[in-house]
């Protein structure tokens, strides 16, 4: 927002910090429990950041809605209404994500199992921090706004006759308006206005509804066709970067050695006396018979 009081930059930063705390808590707990840390776990913070920021937007939007419904209500009532609106959405998204990743721990691949454990636990912590830490930050930010304090310095913003004599740049940075008048007035966000007045009515039109159903039918048909065509397996060359030496290695292997099939190896599981010539001859005999 253009207002130096209504601007919520620090609130957004704390939402990102909340996701970061979830990652630190999850990694710390898993390492304390002795769960192996593999390279793929390094991708987990990006997933947590995406979900954490999404939950942050839901919380802030619900808080803004409660401010328009109950302008004169106390902070407790507004926060209660915010949780009543936002907690359901946040809970459902977190629950599905946690369930998906914890189901992934049943896999036979240890690296995937570790990744799912770290990420699933991080989602749980992200949920906890969103409903506790970030909720508290929203209240503190509200108190800052009520005190008419600057978003960056948290110093009181005063608007008086002397303010008009200041430069336009000074007034814009300190009170949010070049005119010397405070721009703290509560207003509905332009994005909310767009969805309420234009996007919503457009999609409630009966012809648009028919079009949406037809498009979904096409999408569903394409998805079913894709599921039928998909084949199980993985091409190892897709796991390497384009300039890796692994790609030409696999290309040459397919070109020159694919006709020979997989390699067969023999493992001797018992302890044998390799220094004994008779034992060595027996092993060589076994190898020749296998060949």
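The first residue you see is number 1, and the count goes up from there.
Including glycine, each Cβ sits where the backbone N, Cα and C put it.
Here's what TrEMBL has on this protein:
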type: DOMAIN; residues: 1-140; note: domain 'SSD'
type: TRANSMEM; residues: 9-38; note: transmembrane segment
type: TRANSMEM; residues: 44-63; note: transmembrane segment
type: TRANSMEM; residues: 83-109; note: transmembrane segment
type: TRANSMEM; residues: 115-140; note: transmembrane segment
type: TRANSMEM; residues: 207-226; note: transmembrane segment
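Tertiary proximity for the transmembrane segment (115-140) is limited to same-chain residues at least six positions away from its ends with a CB under 8 Å from its CB atoms, namely 11, 14-15, 18-19, 21-23, 25-27, 29-30, 35, 37-38, 40-41, 43-45, 47-48, 51-52, 55-56, 59-60, 63, 75, 79, 82-83, 87, 90-91, 94, 97-98, 101-105, 107. With a cut-off of 8 Å between Cβ atoms, the residues of this chain six or more beyond the transmembrane segment (44-63) that come close are 8, 11-12, 15-16, 18-20, 22-23, 26, 78-79, 81-83, 85-86, 89-90, 93-94, 97, 115, 118-119, 122-123, 126-127, 129-130, 134-135, 138, 142, 192. Here the domain 'SSD' (1-140) has a mean pLDDT of 90 out of 100. Mapped onto DSSP helix, strand and coil, the domain 'SSD' (1-140) counts 118 helix, 0 strand, 22 coil.
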